[in-house]
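Enquirer: First the structure, which I've put down as structure tokens, then a few questions once you've had a look.
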Amino acid sequence: MDLSHFDSNNSVSCRLASQVPDVCRTEDCCLGIDEAGRGPVLGPMVYGICFCPVSKKGELKDLKVADSKTLTEEERENLFEKIDEANSFVGWALQILSPNTISTSMLQRTKYNLNALSHDTAIGLVQYALDSGVQLKEVFVDTVGPAEKYEDKLSKLFPGIEVTVRPKADSLFPVVSAASICAKVARDRAVKGWNFQEDLGEVDADYGSGYPGDPKTKAWLQKYLDPVFGYPQFVRFSWSTAKILMDNKGVAVHWDDDEEDGEKAAQRKNNKSMLSYFSASAGGNTQNPTPQTHRFFTERRLKNLDTL
Amino acid sequence: MATKKKRTQSAHTDSWVVMAADSAIDTQKDDSDPAFVRLRNPSTDAASLYLLGSGDVQLFEVKVFEEEFHSWFVGQTVQRDGRLMFVTPMDPLYLILPYLIKSDKEGKFQPMDQVVMDEEFPACSRLLSCTCSLTSLHHVAEEKEVGDLKFHRYSQEKTLNWLKRKVERTVTALKKRHISVGEGVKSSTYVRVKSESDYNEEDYLRYAHGLISEYISEDLSKALLSHLQLPELTSPKETEPPSKKRKLSDNPVEAGEDYTKFNSADFTRKPPKKMTTAQKTLAKVDKSGMKPMSSFFSPKVKAENK
């Protein structure tokens, strides 16, 4: 697995893939999808797919792939080597979603939530396998959100493929386990050798697991908070852990799509209360006594100054 | 906009982001630095900021672009207010004019340094040292020379002609810059497909008059409007486009249906039509204890009392 491409620009999404084994283009195949790094506030989220001919499911099982969560890091690395070596019949592909991609998706004007992002990434990877000529017949997915809805969505998108969405699919189907190992290994490697784009000098790499509950992660987040910029791109800004810290310790930043309390916003926007239209005195007071600035200036937001 | 004011006030810093012509900040000709001065704004009668450059030879007005949710990154610092100041050349005559008009009540020819005096804004006398001030006074005042001294008296006729020329020049500038002057278009960033020929001359004149009015008193603005032979807009409604489609024919409008017949004495309700069998059986149903349908739509007073 060569992560150098991602390391060189880890602010965007990046795809890594193995060679597609020839048998996968001729024989009916099954495919597993799983993700790693959904919860952490630090680092990328990685989506992985693994595929092999339906007839070789047994051989995949023989590799003793199991749910990545039950394995140590070393075991995972070893298993990944085995999967990669079995390139005569097993193929894999990964989509690394950088923390920056996650932040900007979730915090953009039209919100794009993590579930939608996850679904679209999974769909993209299945499409990649199809485009590469893999004869897909079965797809197994560990669920994100309600399983039935997700299964329905995928079935509609890929007619002719039997889609199975199950919670804990990574311990039920070897092909999903294999995908989960690929994803987890990629995530571990990406986080370990994180190449900070920001000029931070020597960065303390002791950030723990990256999960919001980890005391090491919390301490690291406290340490690397910049009052103006917040965090390096390594941090998912959209996580409430990061948000709360920035709100408390950073400089207040106002955006024009900030949601404000109704009354405050109304006051700021110079809106009048609906009630004012019904009161007796409203008629006389609505006329603004100060002369209106010409629209040439108001349209361009230009004003006179009276002091510097 | 109380909150807005608070925000900008706390944001005041020692630095500003300014757009200015080189000539405004040129200190080479004479050693004096350009200076911001507070002077009486002829339109609002309150203080506004101006800049005198090159040893008071040039006058500039200061306008500021200010919109919410803007900040600057300047070098390695952040400036909280996202304001952009514009320093643009201005005709000093506009600022001198109110003083001339005020002194005209005495109806005498007077030396300018006695006319342009203001306890509130003592800096106003510096306006007279602007290059074009004394030489262009003849546009707005009658002149008399006695020996070495020059005396001036305000002339409304001259002033209105001078302002009219200003309006005309503004119209030319508006056309050149493709500024949409028609009513209805409220956004300057909205690019109209229509060519400028679609606006009539009156739209341009009115727009230019409005712009010039930003620099003169309200009375003078009204006088100028009639001098330009533009009728005064009485209600703001007139400036809005007609809300309904214009009728296509000149024939008098007739109501499609005549409702007056219901009011006439000979109008009697028709007896109800015969009920169908289904309606009959429904009518026989015991309705005691049933709520009328309308009760479900009454105000929620009852619910709140619970």
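Every residue, even glycine, has its Cβ placed from backbone N, Cα and C.
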Enquirer: For the divalent metal cation site that TrEMBL describes with A:Asp34, A:Glu35, which of these is also annotated: A:Asp131, A:Asp142, A:Asp152?
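Expert: That divalent metal cation site, as TrEMBL gives it, pairs A:Asp34, A:Glu35 with A:Asp142.
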Enquirer: Using CB atoms and a 10 A radius, I'd like the single residue among the binding-site residues A:Asp34, A:Glu35, A:Asp142 with the highest neighbour count.
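Expert: Counting every other Cβ within 10 Å of each candidate, the maximum falls on A:Asp34.
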Enquirer: For the domain 'RNase H type-2' (A:28-251), what is the mean per-residue pLDDT, to the nearest integer?
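Expert: For the domain 'RNase H type-2' (A:28-251), the model's average pLDDT rounds to 90.
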Enquirer: Can you list, in sequence order, the residues of the same chain other than A:Asp34, A:Glu35, A:Asp142 whose CB lies within 8 Å of the CB centroid of the divalent metal cation site?
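Expert: Here the nearby residues are A:Ile33, A:Ala36, A:Tyr47, A:Gly48, A:Val141, A:Val144, A:Ala169, A:Asp170, A:Val176, A:Ala179, A:Ser180, A:Ala183.
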